[in-house]
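The site 'Transition state stabilizer' annotation in Swiss-Prot covers R27, and the record cites sequence analysis as its basis. Taken from Swiss-Prot, the feature substrate binding site applies to E33, H34, T35, D36, Y224, supported by sequence analysis. Taken from Swiss-Prot, the feature ATP binding site applies to S67, G124, S125, G126, L127, S128, S129, S130. Summarising the annotation, Swiss-Prot assigns Mg(2+) binding site to S130, E162 and lists sequence analysis as the type of evidence. Residues annotated as active site, proton acceptor in Swiss-Prot: D174.
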Amino acid sequence: MDKKVINDKFTEIFGEQAEATFFSPGRINLIGEHTDYNGGHVFPCAISLGTYGAARKREDNKLRFYSANFEDLGIIETSLDDLKYDKKDNWVNYAKGMIYFLKETGHDVDKGMDIFIEGNIPNGSGLSSSASLEMLIGVIAQELFNLDIDRVDLVKLGMETENKFIGVNSGIMDQFAVGMGKQNQAILLDTNTLEYSYAPVDMGNNVIVIMNTNKRRELADSKYNERRSECETAVGELQAKLDIKTLGELDAQTFDEYAYLIEDENRLKRARHAVWENQRTMQAQAALEEGDLEKFGRLVNASHVSLEHDYEVTGIELDTLAHTAWKQEGVLGARMTGAGFGGCGIAIVDKDKVEAFKENVGKVYTEKIGYAPAFYIAEIADGTKVL
């Protein structure tokens, strides 16, 4: 989608020219799943699917929003005096939340805005359309009002919006990947300290294929918060003998030595996943750096097995995609990505085998699940930016 198309659509809706045009990516996580709220490492990257926006500042305090993805909702209007969550405002709540927290933290958003958005992240796919939107609104406000805010601080406001405004108890990974992404690089992020480094993603003759189950996931209504609470309870049990705040502080051996403190089998499985997945993530980044793509692929597979059996967040749709992908020629690794319970998986596939891969996996999935999956080639993109 180019800049002119976005600007023309803005003018058609609002009758004025936009001041600036923006793009905010979605994200995939290569490995390190359900570790972000457990103080572990994650290894995400921004992708070329995302959310486009155009905006102008107003002279009054009205906020007017229009999404080409929800045309039937028309222009949704609110104001700077009414930044409260309201179910009928639908997707605009994410925007209201970002503006609310910018103002709360002392940033001078003193006029209204007209904002047009159009995204090409499939809805409910688990590719972080909400973080994409949050960071888009943050960068729009930063640009229009010339706000002096560090990008990592903007990322934190995105997480606050998700946690405190929308009511989803998620970690910081999605907003960090979306806001801090770099073309052709993944981010190794320690969610405990927010220390991060970029790692070039050189897949050789392979591409990353995103596999969409086409089963929507509803994060707020899923078992996400339940998993988080199971892990927090496990930390409490381990604290009887260990001076830790999060599972991410433990290596696998220390965890195994003290696992007897966790009294419930399910909690033990959840905690084991968080600890071992954190180790796998660091090993995967090292393997990628060394060019050992086969080892990287095996770690990706191991991640899915752990998410399926220990964390139990996959479900028949994601398992069918991953298990079928593993059997295909030219596949180095495959796993679910994102929170799970539907959404997407990723597979690392030889470029020359992609068409056969899509056909074979699509056929098995459709026969078993009753409807077709969708496939996209992931291009690793820059974080949220002015176009």
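Glycine is treated like the rest: Cβ placed from N, Cα and C.
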Worksheet, complete the sentence: G126 (ATP binding site) to T35 (substrate binding site), Cα to Cα, whole Å, comes out at 16
Fill in: Secondary structure of S129 (ATP binding site) (DSSP, helix/strand/coil)
helix
Practice prompt. Starting from each candidate's C-beta and looking 10 angstroms out, tell me which of the recorded positions R27, H34 has the most other C-beta atoms.
Written response: R27
Response to the item:
recorded positions G124, L127, S129, S130, D174 vs H34 (substrate binding site), shortest C-alpha separation belongs to D174
Worksheet item: Of the recorded positions R27, T35, E162, Y224, which sits closest to S129 (ATP binding site) by Cα distance?
Response: R27
Discussion item. Below 8 Å Cβ to Cβ and six or more residues apart, same chain only. Which residues does that give for Y224 (substrate binding site)?
Written reply: V168, N169, S170, A339, F341
Worksheet item: Using Cα coordinates, what distance in whole Å links E33 (substrate binding site) and the residue listed as 'active site, proton acceptor'?
Response: 11
Worksheet item: When you put S130 (ATP binding site) at the centre and draw a 10 Å sphere around its Cα, which of the recorded positions T35, D36, E162, D174 have their Cα inside it?
Response: E162, D174
